Amino acid sequence: MRRALSLDSSPALSVPFRFFLNAPIFALLAAGLLVWEGPDALASRWSPASLALTHLFTLGILTSVMAGALMQILPVATGVRVAGTGASAVVVHTLLTAGTLALCSAFLAGTPALYAVALLLLAAAFTWLLVACAIGFWRYRNEARKGVADVLGASRLALVALLITIVLGLLLAGTQAFGIPLPIVALTNLHAVWGLSGWVGLLTIGMAYQLIPMFVVTEPYPRVFTVGLAPGVFALLALISFSAALAPRVETLLSVLLLVAFTAFAVITLHLLWTRKRPAADATTLFWRTAMLCLTGCGPLWAIHVKTGNPASAVTLGVLLLYGVAWSLVNGMLYKIVPFLLWYHAQRSLTGAAMRFAPKVKDMIPDRAASMQFWAHLAALALLLAASLQPWGFTRVGGLAAGVSAAWLGLNMLGAIRIYLSASRKASSTQVHAS
């Protein structure tokens, strides 16, 4: 099985949780925007509302959760600590949250000054995050535990992909803030592929190598796969970037290979999930199965889009990638990480007679509550896919369904936090009376 975690290296609970709590909040904002804007939000990938929606997901949800997971999992899985973890978490979270809100407001208002504000805030957030991670990798280069090369390698490549995504994003923001003449469509496509396939995709791959065998109780990923997948994906992204302007036909072939790589990851993950040692599928397993099935569907849908050039297919592909794949992965991951961390910190803080107040992991978020939210999420996904094809009939109801699912997730997370705080208060009272 996969190596065990070194939980003593875990950062303070507030470090990852401030990022994790962004997920349901920004999902609610995205759902509200869908309801408010209606069909215009999904009419085109280039509409202001569509761009705002995209970045509510990619920055407000995905990047927030990925940053929190990085700060939590790197030290406990690999022995590498992000420099100044506590301060870095506060600064990066504040700047990232404010920058995301500013950028989405800029898309909707079309105000150059807001683009400039967003550019500064996001540049500061990502610079701090990347520098803190780089210092951590350098400082602990000789102390990283053995057997973690796959997680470390994928994480490093994901951070390089994030840097490239940031540079491309800043260039695009510069065109809006300062009128810099640049090839917007080409840069946008590269920005999207580096952000989703590079930053989110590579980090998801690296985290899956650790989290899926441990939390979902599966066999480890095949070694030949873990050694080659992340470097192969990164190499394909680099080649796609160079061929975009020089050899469009080669770019198409490389894009096919990239889809094959991610489809292989999806198929292997599905195999691990279907052959897991626990026969009953919990909520996390359901979310990850959904994500992997959606990922396998992205290849054929991309081929249809390339063949037909239909703008609606681009919107459908975006919904499938962002909501079906990425949001499903994050949602499922939160249902394992959040209860586990709350349980661990409760256990660590209690001693003696107070231990009787320690909650069980499974009581933090009952699987029934999580599974019911999964079905709400699945209904929202179906409605949003329908809305991408028929915006006038399904956009607002899809937004409402997505809002219900996001609120449900938020309530489940808050319920777990309430159980943790209640146990802590009871334990403190017991310890005071005992003394």
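Every residue gets a Cβ built from N, Cα and C, even glycine.
TrEMBL: automatically predicted annotations, no manual curation.
Note that the structure is a prediction, hence the values are computed from the model and not measured.
Per TrEMBL, the feature transmembrane segment maps to 12-36 (among others). Packing against the transmembrane segment (12-36) from elsewhere in the chain are residues 42, 49, 52-53, 56-57, 60-61, 64-65, 67-69, 71-72, 85-86, 89-90, 93, 97, 100, 104, 327, 330-331, 334, 337-338, 341-342, 345, 395-396, 398-400, 402-403, 405-407, 409-410, 413, 417: each is 6 or more residues past its ends and has a CB under 8 Å from a CB in it.
Annotation comment: TrEMBL describes 56-77 (among others) as transmembrane segment.
According to TrEMBL, the feature transmembrane segment maps to 89-108 (among others).
Marked as transmembrane segment by TrEMBL: 114-138 (among others).
Marked as transmembrane segment by TrEMBL: 159-180 (among others).
Annotation comment: TrEMBL describes 192-212 (among others) as transmembrane segment.
According to TrEMBL, the feature transmembrane segment maps to 224-247 (among others). Under 8 Å from some Cβ of the transmembrane segment (224-247) lie the Cβ atoms of residues 149-150, 153-154, 157, 160-161, 164, 186, 189-190, 193-194, 197-198, 201-202, 205-206, 209, 254-255, 257-258, 261-262, 264-265, 268, all in the same chain and six or more residues away from its ends.
Annotated transmembrane segment per TrEMBL: 253-274 (among others), in sequence order.
Under the heading transmembrane segment, TrEMBL lists 286-305 (among others).
Long-range contacts of the transmembrane segment (374-394) within the same chain, counting only residues at least 6 positions beyond its ends with a Cβ under 8 Å from a Cβ of the stretch, are 38-43, 283, 286-287, 290, 294, 312, 315-316, 318-320, 323-324, 327-328, 331, 401-402, 404-405, 408-409. The transmembrane segment feature in TrEMBL is assigned to 374-394 (among others).
TrEMBL lists 400-421 (among others) with the feature transmembrane segment.
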Could you tell me what the rest of the chain brings near the transmembrane segment (159-180), counting residues at least six beyond its ends with Cβ under 8 Å? 103, 106, 112-113, 115-116, 118-119, 122-123, 126, 129-130, 133-134, 187-188, 190-191, 194-195, 197-199, 202, 234, 237, 241
Relative to the transmembrane segment (192-212), which of 56-77, 89-108, 400-421 accounts for the most Cβ pairs at distances under 8 Å? 56-77
Look at every Cβ pair spanning the transmembrane segment (114-138) and the transmembrane segment (56-77), keep those 6 or more apart in sequence, and say whether at least 3 of them are under 8 Å. yes
When you scan the chain for residues with a C-beta under 8 Å from the transmembrane segment (400-421), skipping those not six or more beyond its ends, what do you find? 17, 20-21, 23-25, 27-28, 30-32, 34-35, 323, 331, 334-335, 338-339, 342, 345-346, 359, 363-365, 369-370, 372-373, 376-377, 379-380, 383-384
Long-range Cβ contacts under 8 Å made by the transmembrane segment (56-77), restricted to residues 6 or more beyond its ends, are 3, 5-7, 9-11, 15-20, 22-23, 25-27, 29-30, 33, 85, 88-89, 92-93, 96-97, 99-100, 103-104, 122, 129, 133, 136, 148, 151, 155, 195-196, 199-200, 203, 207, 210-211, 322-323, 326-327, 330, 333-334, 337, 341
